[in-house]
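Have a look at the structure below before the remarks.
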Amino acid sequence: MGPTARAQFVYNRRRRRSGGRHAVEEASDEEEQRQDSSSSSEDEEDEAEASGEEVADDDDDEEEEEEEEAAVEPAAEEDPAAAAAGEKRGGRKGRITISLKKVCKVCKRTGHEAGFKGAVYIDCPMKPCFLCKMPGHTTLTCPHRVAMEHGVIPAPRRNTNTSLDYVFQSQIKGKISMVKPKFLIPNQLESGNIKFHQRRVTCLEFHPTNNNVLLSGDKKGLLGVWDYVKLHEKITYDSVHSCILNSMKIDNANDGILYTASSDGTISCTDLDTGIGSPLLNLNPNGWNGPSSWRMIYGMDLNTDKGLILVADNFGFLYFLDRRSKTRIGHPILIHKKGSKVTTLHCSPARPEVLLSSGNDHYARIWDTRKLEANSPLASLAHGRVVNSGYFSPQSGNKILTTCQDNRIRVWDYIFGDLQSPSREIVHSHDFNRHLTPFKAEWDPKDYTETVAVVGRYISENYNGVALHPIDFIDTSSGKLLAEVMDPDITTISPVNKLHPRDDILATGSSRSIFIWKPKTEDELTEERTKQKAKEYVYGSGSQKKTNGKHDNSSDDDSDGDSGRKNKKAKKTRFTCTTKGKGKSKV
DNA sequence: ACCTCATGTCCCC
DNA sequence: TGGGGACCCTGAGG
């Protein structure tokens with residue numbers, strides 16, 4: 001590639017990135033603004049730009065500079081007026097430099113650009129770190145990303161060696177198996193279901209008894225029932241709800257019945273075989289009267305002991321439903337700030353009368369449902385932002401795991417201990433984005449030690465030139481990343497994840513698609529270990545300790561240019577679900 | 001290879 | 001305290 005060709009390439013690339021917007025700046029050699037910081041008072045932006053570049057171009061200063069020079073020539077060609085002006089001046093001064101300013105699409109300032117460079121996202125230096133939200137560094141240099149593996153860093157453990165800890169230990173010791181079962185990460189893509197749903201998947205649930213059945217809900221309210229072993233056996237019911245399906249629960253006592261909660265303000269109970277449903281609750285009996293009065297249901301859980309369904313709306317109220325009589329019990333109780341959304345409800349698996357709610361008012365709260373009144377929580381757990389979810393640990397119910405929009409996963413080790421502050425805060429990228437289903441870190445229901453949690457990751461990582469958003473397995477007792485699960489075929493973000501209650505299977509909802517993951521077979525693992533050994537032998541030990549062999553984070557291959565993000569050379573999809581067994585509708 | 005839009009929360013006025 | 005504009009890694013459909 002000759003210099004002119006390269007210049008043109010750089011120019012085109014830049015135009016593409018900045019969406020056609022560009023600023024042409026004229027400057028003579030003497031006035032090179034890079035050098036001249038003292039006389040730049042005429043332009044505030046220049047100052048910001050200079051300081052911005054210092055941060056942003058940390059790693060590839062030279063390259064940027066080269067591009068700047070290279071971009072001069074085509075810029076003059078492209079804009080005749082600028083070129084003419086340049087010539088005029090140039091004639092006078094002898095030589096002229098026209099530099100094409102970079103325009104940042106994030107802050108609209110010039111001098112730097114945010115966006116993907118290959119598979120690596122370059123931050124806007126004017127914004128705080130996208131991962132930990134602290135100013136002074138970018139996501140690429142965030143200590144939470146660099147210091148430990150991929151944005152997961154533990155906060156120091158509190159409440160250690162207290163008497164409560166002792167009680168906790170002795171209390172759960174009888175319940176947990178002494179031999180920790182071998183933990184297998186389902187990191188091998190078993191099957192992908194393309195275009196099963198028409199809109200993004202919002203919730204997933206495994207059938208509690210029928211091992212191979214996965215239930216899924218989407219933004220349109222479509223309910224999917226899918227046997228992922230007999231792939232053709234899939235059914236969709238489109239008239240259960242009219243908009244976002246937020247939560248699904250199956251009663252263990254009657255596992256043919258599915259309860260669903262939706263933003264259409266209804267709770268529905270659907271027969272899984274026939275798809276015939278009946279509404280249990282409708283919070284909008286008078287229909288649409290504008291957004292200020294429309295009630296939506298996000299949080300829902302079952303109290304199987306009492307045959308109750310607990311439901312919470314987007315105005316902060318909790319409702320009780322009797323499962324059998326299908327009637328409301330009592331009056332709604334305000335459990336979160338009035339007018340704020342309750343995001344999840346969870347009844348403790350060990351003590352079903354203990355309820356955990358999380359809400360948009362930046363709190364998660366623990367309640368005793370036997371004596372429930374507004375403003376009477378057993379505890380209020382403060383968070384930095386909106387709490388996406390809060391769950392009791394799956395076995396003892398003694399731990400709490402919350403996901404908050406301040407990019408932190410919080411863990412409380414013992415609910416009867418000091419709840420003032422979490423036992424741990426784990427910085428993890430799961431930002432809010434209006435286009436994504438909120439991320440929810442969930443416990444592995446099979447893990448008797450109650451440590452493993454799964455959560456999708458927002459920011460991407462460069463995996464051999466492809467930007468992928470993995471699904472993280474986190475050890476909540478240390479904050480360490482146990483595994484990151486990804487596949488080159490899945491380039492979309494995966495906010496919805498569900499672990500199978502008994503098998504080592506992970507279901508993922510990513511955009512419109514559903515994926516099933518299984519652990520690698522023993523043969524595959526052996527092969528991988530062999531490769532890993534060979535790699536270590538070649539490169540020396542120490543740096544190669546990733547759980548997933550596919551991944552080489554140090555790779556900074558920009559040869560793909562802009563298209564690096566899209567996986568153009570992705571290997572063939574292992575399985576693509578055809579339109580066979582098209583969905584049927586409710587009668 | 002563009003453009004448009006859906007749309008929840010934050011933050012500032 | 002409330003309304004309105006802004007918004008960083010979206011993704012489907014046109």
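Cβ coordinates are placed from backbone N, Cα and C, and glycine is handled just like the others.
Annotations in TrEMBL come from automatic prediction, not curation.
Features as listed in TrEMBL:
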REGION    A:1-92  region 'Disordered'
COMPBIAS  A:41-80  compositional bias 'Acidic residues'
REPEAT    A:194-227  repeat 'WD'
REPEAT    A:380-413  repeat 'WD'
REGION    A:525-587  region 'Disordered'
COMPBIAS  A:525-536  compositional bias 'Basic and acidic residues'
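Secondary structure counts, DSSP: the compositional bias 'Basic and acidic residues' (A:525-536) has 12 helix, 0 strand, 0 coil. On the 0 to 100 pLDDT scale, the repeat 'WD' (A:380-413) averages 94 in this prediction. Break the repeat 'WD' (A:380-413) down by DSSP state and the numbers are 0 helix, 19 strand, 15 coil. For the repeat 'WD' (A:194-227), residue counts in helix, strand and coil come to 0 helix, 17 strand, 17 coil, using DSSP.
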